[in-house]
Amino acid sequence: MADTIPHNTFDTILVLDFGSQYTHLITRRLREINVYSEMLPCTQKLADLGWKPKGIILSGGPYSVYEEGAPHADPAFFELGVPILGICYGLQELAHRLHADNVVAGTAREYGHADLKATKFGGHVDKLFENIEGDMTVWMSHGDKLRNLPEGFHTIGTTQNSEYAAIAHKSDPIYGIQFHPEVTHTPQGGQLLKNFAVGICGAEQKWTMAEFIGQEIQRIRSLVGPDGQVLGAVSGGVDSTVAAKLMTEAIGDRFHAVLVDNGCMRLNECEKVQEVLQEQLGINLTVVDAGEQFLAGLKGVHDPEQKRKFIGGKFIDVFEDEARKIEAKSNGKVEWFLQGTLYPDVIESISFKGPSQTIKTHHNVGGIAERLMRGHGLKLIEPLRELFKDEVRELGRQLGISPELVGRHPFPGPGIAIRVLGEVTREKVEMARQADHIFISMIREAGIYDEIGQAYAALDPSRAVGVMGDKRVYANIILLRAISTKDFMTATPYPFSYEFLSKVSTRIVNEVAGVCRVCYDYTSKPPGTIEME
């Protein structure tokens, strides 16, 4: 894998993940203040890292440090000589490694808001709470606590229920806090993280998309060389469009974008994508109509994982054929495959989960690229791999992509196929497609499209009884899904008004043949995922 990434250029804060649902927020908060941060599982060995961070943050986690099998960081990280901040479980990890009796189960769990009182001692100890005046409202979420103050530390913060809510080493830049500065429930948490990253670690605030573009273009040119050809899939979504435009800026027409019509696209999608990518953005694009192949292969397939695997495999078949055609008419061999993987995709793949199982195969990570690399000898290039969604949108703006396209909701690679529950047929896809068009059109007309992270209509073919035209009908169910999110790692349902949903439901039932009922999915992520399958 092409693996020259920003930690080789930008000062980087390493976040070691112990399994907290909030860990990715630490990385996001740091990047928001233009400090590059990277998250790795707590099982990471320093010897395998290959680069030196400016500082280390130990995340929270659901475990008890004193229990057998609890995760612990590689001791070598503590000998690296860089500042360390332990958050919640991370604080307990710092204390426990100094003495096993320092951490015990609390007599009362502490969840929610608390008021923290800071204590000043002078010198580096006070830097963590610099520019934070008075009591600090913090968010607690822990059951265990420190029984003893570790030897060599000061207590620099207390709450009503936490005697050691914040600690700092007397001589070394090592800090621990029992609360979560990364969540919005800790209003001044961003300032605290800035104090650590910038004030204590000395990280330069140079992480911007303007800086990233120039360096990434040079990286791409160096990897691909003066004659190399790159093949990439595009869908018209933000991620693939931004990745394609970046590649075009780097190597021009030696980048070959391929849009595969799998028969499961949105209404008039291929025509719109072709117009935008070719005419507006100058991207070298080929459109392949493979709808019949996909729909024929999906016949009789009900299992979501099998659907994903078939779609991924069929995409490879199409790409391999297209690569041969491109090679035949170009001056160089196609050696590279572009994939629009984002950092949340990577995080979901590498987060520390203990013995947990894979929820579902992610359509942007793994299979497709692996088969291309193994079977066709292509090398993988992922220019967006280290970016969050908001960073990709900003990158798109920097590249001159229109605000409408940059702000477009995500669309999955398998398309409507994973928005039709169970077996996929042309008729079912068309029902979901028409309902989705109505739903999205009405959202745009209401002026709330940009408030929503993602929205779509899906089809549940279980069917329900209804009455239409004074007759009993037995027809399909449309499921509406719309979420609010900043990073797609967590999400909440968008709070539409009853009147709006009623109007959407009326239009769908009246205008989409074969549908008699419309439901709104009010599930957050977690426990639900954003897509249905």
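One-based numbering along the chain as shown.
In case you wondered, yes, glycine gets a Cβ from its N, Cα and C as well.
Here's what Swiss-Prot has on this protein:
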type: ACT_SITE; residues: His180; note: active site
type: ACT_SITE; residues: Glu182; note: active site
type: BINDING; residues: Ser235, Gly236, Gly237, Val238, Asp239, Ser240, Thr241; note: ATP binding site
type: BINDING; residues: Arg308, Asp470, Lys525, Glu531; note: XMP binding site
type: DOMAIN; residues: 12-206; note: domain 'Glutamine amidotransferase type-1'
type: DOMAIN; residues: 207-408; note: domain 'GMPS ATP-PPase'
Quick check: in three-state DSSP terms, what is Lys525 (XMP binding site)?
strand
For Ser235 (ATP binding site) and Arg308 (XMP binding site), what Cα-Cα distance in Å is obtained after rounding to a whole number?
16
With the XMP site defined by the record as Arg308, Asp470, Lys525, Glu531, how many Å span the farthest pair of C-alpha atoms?
41
Under a three-state DSSP reduction, the secondary structure at Val238 (ATP binding site) is helix
Mind looking up the mean pLDDT for the domain 'GMPS ATP-PPase' (207-408) in the predicted model?
85
Closest of the recorded positions to Gly236 (ATP binding site), Cα to Cα, picking from Glu182, Asp470, Lys525, Glu531?
Glu531
If you draw a 10 Å sphere around the Cβ of Gly236 (ATP binding site), how many other Cβ atoms fall inside it, taking every protein chain shown into account?
20
Beyond the listed site residues Ser235, Gly236, Gly237, Val238, Asp239, Ser240, Thr241, identify every same-chain residue whose Cβ lies within 8 Å of the center of their Cβ atoms for the ATP site.
Val234, Val242, Ala243, Gly340, Arg408, Pro410, Phe411
Give me the CA-CA distance between His180 (active site) and Asp470 (XMP binding site), in Å, as a whole number.
58
Cβ contacts within 10 Å for His180 (active site), all chains included, total 23
